[in-house]
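What follows is a set of notes on a single structure, which appears directly below.
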Amino acid sequence: MNIHEYQGKDILRKFGVTVPKGIVAHSPEEAKQAAEQLFEEQTSPVVVVKAQIHAGGRGKAGGVKLAKSPEEAYEIASQMIGTTLVTHQTGPEGKEVRRLLVEEGMNIDREFYVGITLDRATSQNVLMISTEGGMEIEKVAEETPERLLKIQVDPLFGLQGFQAREAAFFLGLEGEQFRSAVSFIMSLYKAYTSIDAALAEINPLVVTKEGRVLALDAKINFDSNALYRHKDFLELRDITEEDPFEVEASKSNLNYVRLDGNVGCMVNGAGLAMGTMDIIQLAGGKPANFLDVGGGASPQTVEEGFKIILSDKNVKAILVNIFGGIVRCDRVAGGIIEAAKKIGLNLPVIVRLEGTNADIAQKMLDESGLNLIAADGLKDAAQKVTEALSA
Amino acid sequence: MSVLVNKDTRLCVQGITGGEGTFHTSQILEYGTNVVAGVTPGKGGVLYNGNDRDSFCRPVPVFNTVKEAVEKAEANTTVIFVPAAFAADAIMEAADAGLKVIICITEGIPVNDMMKAYAFVKSKGAVLVGPNCPGVITPGEAKIGIMPGFIHKKGSIGVVSRSGTLTYEAVHQLTHVGLGQSTCIGIGGDPVIGTRFLDAVKMFAKDDETEGLVMIGEIGGSAEEEAAEYIKKHFKKPVVGFIAGRTAPPGRRMGHAGAIVSGGKGTAEEKIKAMEAAGIHVVESPADIGEAMMKALGRS
């Protein structure tokens, strides 16, 4: 699960990670009030108005602007709210700006990068430190690996002081700045593990001329498997940032990802679902979605699955691929026929069922009088998709 | 021979009295696997026969702890059906009790918990398979997991895969073309797993009974590349490979927690390239796995 920058900063603040003072605004008036309050308390001559969307690269897209007065903050906010920002992470459709974060300005001395995430190669968390603040870390790793320090953290012992010191020395910090950075990194790691984050990325981490060390930006993703022990975080979910079809599918416990092709698919199991998408492409079509209906493939899930696939008007044909195994295929076929009748399905549906009673299932589909085309094996299924598309 | 599990496996089922545990234990028993014990804390002392929906073909003694299952029933392998919130603890309990083969089926374990369990298991010198996997089967000897037993056939092809149903697909095709399997290992789709491709490939390298290997990967991570590097240098048997997710868009998670292309890493193309460079016969379509293995063995 992803959250907004301001929500991430609120969480980090609770763990003692230093972040700038900031106020959320949903309208130009609120932005103006926020700026007034900040100008009263700060010494910097500017405040920063930042669009809150679930994507990086906002600065380049015009989603981060400086205001010298509350009036200017009002102006910027009225331009920003309601516009669609397109960044390298939003996709071409972009994301609509609905809220802003107004923050105190900083006298920035230097900018760095600090990130924590799982290193899949070692099954440990890795603390990443880079002198290149504001850069994409993948790019730094590729082009200037000497400017990136990776520190593996033993999950049984956690991040140790000497590791945080090594990180701060790597950034070339001294004195008060060094001490603040060490404390910042230790707090960040504590926050990361306590909240079951999957990613904590501070880019940039800034050191001010006054010697403060702060998270100018914060990207926090949660491990969705661990959300059961952080019920309060569920309130942070912003479904306006998510694909409405995927939100609908998740209500029926379906794992759905919408794509831009013309052949829908419904499959049991994530790996087989990806494999089925690949087969559709090889058969001359383009997958319209990823959809894993889980092991059981009950009549209800099959019906919900069809509904979601059909909500996409680009779909010209559907491939159902269920490897039943322990589940009986005649039952799955019964569910498909029932659902097809109920929804009034009239697109060609190629159905491949494997497992117990697959032969009975095929016969049921053939005799259903519906546009259900039984396929015998994956190869046959692929061929029938090709035929359906050219018909 | 075979790898990990065989006719000498004495299985303990952790979470045996739960819904999932009961159903799958009934299937595991039916396959002929030697189930010697079940563990459910607080239900020790019971001789469990299944429930109204799924009854066992023979009763299984239940213990409170894995330690007891090892001491009193001489269990040497365990399979875990414990709910996600308690599964990492169950893995550690098994490792602490001295079990050397731990197979965890449970899906949805928090990464933080798994990192600790992984480190703990390593420190005890045990082998963990999973979590979030179908399990391990040596056809004709022991089925330990949730895979449909009947699609398998005893033989000489090893199978290792990150996916559940896609593994069944591959096995089905192998059986269909007349190729039986030595052992099939579902390593699971999570980002933190006990046995990776490389570990499995090393096991199959040492197994005399295994003549060829099917390796089914998917997008995300770099475990396939890691295994390909080893295969290139040390693995002398023919390998057929498939990578699921060629058509998956970057940045989107495809069902499995670990199936995501992020920061341009973990793409199907990269993996296929590394596998082909290692001499692996990579098929474009998952429909061609069985035939490709026949060809790789020079039998068609």
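In case you wondered, yes, glycine gets a Cβ from its N, Cα and C as well.
So that you can see what the record holds, here are the features copied from TrEMBL:
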- B:H256: active site, tele-phosphohistidine intermediate (ACT_SITE)
- B:T17, B:G18, B:G19, B:E20, B:K43, B:I105, B:T106, B:E107: CoA binding site (BINDING)
- B:Y168: substrate binding site (BINDING)
- B:4-109: domain 'CoA-binding' (DOMAIN)
Pairwise Cα distance maximum in Å, CoA-binding residues per record: B:T17, B:G18, B:G19, B:E20, B:K43, B:I105, B:T106, B:E107: 24
Fewest other C-beta atoms within 10 angstroms, as judged across B:T17, B:T106, which are the binding-site residues: B:T17
Rounded to the nearest Å - Cα separation of B:G18 (CoA binding site) and B:H256 (active site, tele-phosphohistidine intermediate): 24
B:T17, B:G19, B:Y168: the binding-site residues whose Cβ falls under 8 Å from a chain A Cβ: B:Y168
Between B:H256 (active site, tele-phosphohistidine intermediate) and B:T106 (CoA binding site): CA-CA distance (Å): 13
Sparsest-packed of the listed binding-site residues (B:G18, B:G19) - C-beta count within 10 angstroms: B:G19
Spatially closest candidate among B:G19, B:E107, B:Y168, the listed binding-site residues, to the residue listed as 'active site, tele-phosphohistidine intermediate' (Cα to Cα): B:E107
Those recorded positions listed as B:K43, B:H256, and which of them has the most Cβ atoms within 10 Å of its own Cβ: B:H256
Secondary structure at B:T106 (CoA binding site), reduced by DSSP to three states: coil
Number of Cβ atoms other than its own within 10 Å, given for B:I105 (CoA binding site): 27
Greatest C-beta neighbour count within 10 angstroms, which of the binding-site residues B:E20, B:E107: B:E107
Integer average pLDDT (0 to 100) for the domain 'CoA-binding' (B:4-109): 97
Residues satisfying Cβ distance under 8 Å from B:Y168 (substrate binding site), sequence separation of at least 6: B:P134, B:M147, B:P148, B:I151
Mapped DSSP class for B:G18 (CoA binding site), helix or strand or coil: coil
